[in-house]
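TrEMBL annotations:
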DOMAIN    A:40-155  domain 'TRNA-binding'
DOMAIN    A:409-484  domain 'B5'
BINDING   A:D462, A:D468, A:E471, A:E472  Mg(2+) binding site
DOMAIN    A:714-807  domain 'FDX-ACB'
Amino acid sequence: MLVSYQWLKKYIDIDDLTAEEVAEKLTRSGVEVDLVHSMNKGVKNIVVGKVLECEKHPEADKLNLCQVDIGEDESVQIVCGAANVAKDQHVVVAKVGARLPGGMKIKRAKLRGQTSEGMICSLQELGYEGKLVSKEYTEGIFPFPTEMTPGEDAMEALNLGDQVLELDLTPNRADCLSMIGTAYEVGAILGRDVKLPETTMERGQENASDYVSVKVDANEDNPYYGAIMIKDVTIAPSPLWLQTTLMAAGVRPINNVVDITNYVLLEYGQPLHAFDYDRFGSEEVLVRRAKDGEKITTLDDVERTLTADYLVITNGKEPVALAGVMGGANSEVQSDTKNILLEAAYFKGTTIRKASRELGLRSDASARFEKGVDPSRVRAAGERAAKMIAEIAGGTVLSGIVEFNELDVTPKEVTITLGKINGVLGTSIDTDTVKEILSKLQFTFELEGEMFRIFVPTRRQDIQIEADIVEEVARLYGYDNIPTTLPNTATTPGGLTEVQAKKRKARRFLEHAGVNEAVSYSLTTGEKESHFHEDADSLSRVKVALPMSEERSTLRTTLLPHLLDALSHNKNRSNLNVSLYEIGSVFHTEEETITKQPMETAMLSGAFMGLCYEHSWQGEKKAVDFFVVKGIVEGLLKELKMEGDVQFVQSEPKGFHPGRAAKLLVNGKEMGVLGQIHPSVAKEWSLPETYVFELNFHALVEGKGKEIRYSPIPRYPAMDRDIALVLDETVKASEVEKVIVEFGGDLLKNVALFDLYQGEHLEAGKKSLAFSLRYQDPEKTLTEEEVTKVHESVLAGLEERLGATLRS
Amino acid sequence: MLDRLQELKDEAIQKVNEANSVKELKDLRVAYLGKKGPITEVLKGMGKLSAEERPKVGQMANEVREAVADLINEKETKLEEEALVAKLREESIDVTLPGRPVGKGSKHPLTSVIETIEDIFIGMGFTVAEGPEVETDYYNFESLNLPKDHPARDMQDTFFITNDLLLRTQTSPVQTRTMEKHEGRGPVKIICPGKVYRRDEDDATHSHQFMQIEGLVVAEGIRMSDLKGIFEQFVKRYFGQDREIRLRPSFFPFTEPSAELDVSCAICAGKGCRTCKHTGWIEVLGSGMVHPNVLSMGGFDPEKYSGFAFGMGVERFAMLKYGIDDIRHFYTNDTRFLSQFNRV
Ligand SMILES: [Zn+2]
């Protein structure tokens, strides 16, 4: 809502306050003013001029030579390029030395050999937005609609000294979508009265009911419909004050009758509609739901197909307006309109909302109906507009209003005690203060002991319950005056749950391992995920009904594509060594057509490219490889105290290098994958050798985790034996270790692989693995013989099970 | 003979003094003190001496031997020390060369803000509650006093999945879910961080996905002044001891009365600058007393219980704290951005 400061002054005495002061007071009490802007965008020294002569420029077809009286001794010659400039017009002249918005300074000039002493201005040149300028003048200069005095200050005539408060209204304060409503709000803050406009007028002899009847077949949607008849009007441009007032409020002037309905809409917050009575098509107004498939061409010349959800105004046969949203083209007020049928109605918000949303037609009118207009002001707004039409456009307002009226205008009654108010706020406000606040709000009330019985005016439909009254009292009492206390409740132990604490541990572990945390979007595209899932378009995916773009159409089922996006983004910016991790949810449904909330599973994923370690001047460098990533995953499992049998099983998940990927199994249950991204998939992202892991974080942290139990430090010495085995290439290190452990028995305390060799010193198809075995007995010092006995059986076992021989 | 010893002593002292290396000293030791050395020679000739002279010469010979030996030892120690000093000097390094880096990744700035805020509220007795990102219309809207067709639903343009399922537009649904778990018994003191989604075109100040932290306190006798008190503590701990707070009336469907919380601008100390749009204040969160309808729908008796709720934008907090000017940076994961936060 744009509130002109000058206009506001018509309803409330604020001469002692600047626009900025009013704005600050409104903001502090709950109606936020975003900005106070000035109508003057930097204009100086402009006057009214009268065009005395206007001829074509001898040298240029498109220019005019104008002799203009600017109230000085002699007229001046101005070269003007506007097509609509004409003799006898009163125009805005920027004199030599004047300033226009953007710092433009007007100088004496010569245009094709003719001197030009100033400039005849369009409204856009004065800083008005093109969309606010009456269509007649958007392409040319602005001629004043009435006679003016040459030399008169044009800034004053155009009311450029005005300032406009831009209200950022919350949805509950629809009452401030009008000048009168805003005046009430300012009045409540300042404790001042509101002056309402005069609506009594002279009426014609004839009765409106002789010209029109009103019937409503949808009384739920339309509990009030009032029709006012005005005969013999003259359609013309509005007077200047009306045009400038509307433009300041952000509304484009059209013609006097339409401008008046818009003016009253802004003044009362009540939308009105003027029909051309002679084009209405009958003498009967019938309001009803539209028929399915019924059509109407609206004022914007678009044919619209209606459904039974929409409310229409008809002439008994066909729709003439889409109720509360937009009028029909067939009954539009035009330049030759003589008789006006003026509609002042109350339409139900939800009905209007549905139509305006579905048709994409949101207007000042629909916005007000949607939020609920003041039922007590509907008729008054109609009368106010009729009075103004008669005054400005001439014509006679016929007697009476033809009405359908089932509108409830009883004030809402809310009761509250002083104790309740103070109890909620933590204040000790007294009865007199509450009385004073209610009076400022112009709420009538009765005081019964401690109990206030409050009758809320219909303009404040947001006030329904006790809590609403508490807020009204609080905001006018001043939030600053509420004391500062701490809750009296018993203390509660705060803290993180075990899972939340583990999440933090995992984050810290990864960060200390040199991995940066990433956060990416949950919405993605099926196409990206198809690299990792066979079932990219299958049932398990959760899709947004009306995506904003294909890129953000589905909820992700894996974090990997967005991490690869991030690597790719970095690579394109020459960040070549990147390690990222992310913890985030993925989404799956098991339903064919989703009806229930999908499963949300927290995943922990990482993506790596380039070097994971570099200390260049000492020549230390480590490119990421499978084992770097595996080491991080193993460390993480330890950090999370993962209990049980952890296995990395060679596998070929989709999207991975078939020889460099593994599944992580914990107690036989799949917990994740890790490995190198398949080079052809990496190519899709233009990535070099890239490694990733993706773990089911939810499953990893759900268990209790292994408790640490101290085991005594061995008192007897250990004996180490190293063995280098020659094996078939296909034998896995984990298999060898398993055999060693099996045959090593209780005395074997530790096995560690320390070398892998493949190459020229071995026969083809063979490799060598070297292990260090540690033997120890907690009870005594082991003898050489005892160790040898066990060790021999380990070697025998290795040979028997895996065909391993000792490397000579 | 005594003269000869004196002579030998003087000669040895001179040579030791002139010696410049451990090797020379070793040679001198052998030369003067060895079995074939001149002192030994002198002692061998003692047999020719009288009984009177013999002890004198013996004593003198020992004195000379000791004196020379001490001198050699002393000089040797000195030379060794000098050699060590020289050796260490040679081993000297340029301590300004870069150290061997220990990998340190960075916490995402949004996580950093969330964890900091979590810890402040945990210190005030709050627990952390979480909820699903795909919500039902009931939890996201209806239970928060936003029935279907409520105009305030327009404030949050929603990604719907079906008529009833949607991507949550706020973390507030966790309020109702938590209240339900409490089965009508207080106190409830939670904060709920998480991702939320709205149909906004991504630009410098808008993101279709962002993070919020919701807070809720429900107990008997909770007052609006308590909300002020908790905020004052929070603001001083998060933004600094010298920050001030003020509340401004506002509107949220799930609270009544509602308030925006402003914090005095740190950059201009309240005098007005560009960051605070020349108001001296920065809006940091929305809050209010829990609407009775919301309490009822969460299973709490609004006649007995009251409470307050608040919600803050994590990106906004991070932008204010670190001076970040474009919200998209949080979701691009550029390491030149991320690695700036490895100290937080
Ligand atoms: Zn500032």
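Note that Cβ sites are derived from N, Cα and C of the backbone, with glycine treated the same way.
Unlike curated entries, TrEMBL annotations are predicted automatically.
The local packing around A:E472 (Mg(2+) binding site), expressed as other Cβ atoms within 10 Å of its Cβ over all shown chains, amounts to 28.
Across the residues of the domain 'TRNA-binding' (A:40-155), the predicted structure has a mean pLDDT of 92. The Cβ of A:D468 (Mg(2+) binding site) has 21 other Cβ atoms within 10 Å, all protein chains considered.
Local packing around the binding-site residues A:D462, A:E471 was summarised as the count of other Cβ atoms within 10 Å of each Cβ; on this measure the leading residue is A:E471. Sorting each residue of the domain 'FDX-ACB' (A:714-807) by its DSSP state yields 34 helix, 32 strand, 28 coil. Secondary structure from DSSP puts A:D462 (Mg(2+) binding site) in coil. With helix defined as DSSP H, G or I and strand as E or B, the domain 'TRNA-binding' (A:40-155) counts 14 helix, 47 strand, 55 coil. With DSSP states grouped into helix (H, G, I), strand (E, B) and coil, the domain 'B5' (A:409-484) comes out at 33 helix, 17 strand, 26 coil.
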